[in-house]
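First up is the structure itself, then whatever we jot down about it.
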Amino acid sequence: MEEKKVLEELRRYRERDLKYEEGRILGSMCTKPHPISRKVLEMFLETNLGDPGLFPGTKGLEEEVIKMIGEMLHNRNPFGYIISGGTEANITALRVVKKMARERGKREVNILIPESAHFSFEKAREMMDLKYEKIPLDKRYTMDVKYLRDYIEDKGKDVDGIVAIAGSTELGTVDNIPEISKVAREYNIYIHVDGAFGGFVIPFLEERYRLEGYNYNFDFSLDNVFSITVDPHKMGLAPIPAGGILFRDISFKRYLEVEAPYLTETSQATLVGTRPGFGVAATWAIMKLLGPEGYREIVSQCMENTYYLVRRMKEYSFESVIDPVLNIVAIRDENPLDTSLKLRKMGWYLSTCRCVEALRVVMMPHITREHIDKFIEALARCKKR
Ligand code: EBR
């Protein structure tokens, strides 16, 4: 095919995709990447962090990004990688938990995990043959810490790790990690925090939470939080793929390393071998351009839109399952699957919850008030209100 024809064909396929700026993508945790990403992609297109000795510049950027995210999470000496996404990050953390348990002579690896955990943990469980105890949620839809404590008091020695969530996929709830940390310290248990979504939101809402009297701390300042998933390609505005896994310090590296012949380095710690550098470079560029102030502004805007949606819902007697903690709204609905399918036919793409009968809307930066107004009218029409 001639290049012109190839590009024409590609354009035709691409036209079938939805566009974030049209405001119809309401269920995604990704958004239109920051515009600088295009330039970065061109510059870093061929870089491969699977062999960092060939790309020491790009590797240097990755180290700086990990340091910058570490600072956001109150850790000056983190160790980690910018990888394919939250799934790989969570799997990577549990690889460490498993190896540590094996070194203690454990055959079965027991992990406590809230009902609200993302399905990536199910993949990790299958792959690594982990044993999970699902911890129920309390009335705020966060991990029931009393249940957790009772369980550990009963079976403390058997527990190898706890997974806690900072920004649940369905409702955007944040587990009571300060309390979980106390229990974990007492029994010397590893905590992995999944902040894939919340990691680029919660640090920029500190002021608001302080005023409202909440303690949503989830980071390395808490004892026994040894790893955190934080995805730049969600609220960090980075292009896909840019997930993040951070460990408390370099001492965790050895649990991940496998011997690697043929490379410029003698070992490899990431799950994926050949991996792109442009997501890393773009994350570096966006973090430098926006700075904490830039992110604070974006997050505030998303939260304002979240509250605006809840206000507009009330006008039509739609109810929010919880007072939103992050920029996610769950709209009570007696038949969410059916409603979401009807809405899809009307051109609105949102998802449903599993833990409660509700529709789920994520107020990502590409959503404006005009989009919200149009959506709420469509929802009202759909539900005949
Ligand atoms: C939602 C990802 C999503 C993105 C959904 C776009 C729909 C879209 N979540 O259109 C948590 C708390 C998550 C999560 C993904 C993952 C996995 C881990 N933890 O591998 O980057 O909400 O998809 O992240 P991933």
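Positions of Cβ are set from backbone N, Cα and C atoms, glycine also.
Listed features, source TrEMBL:
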- LYS234: N6-(pyridoxal phosphate)lysine (MOD_RES)
Legend entry - Other C-beta atoms that fall within 10 angstroms of the C-beta of LYS234 (N6-(pyridoxal phosphate)lysine): 28
Inset, instruction - Would you mind pulling the DSSP three-state label for LYS234 (N6-(pyridoxal phosphate)lysine)? - result: coil
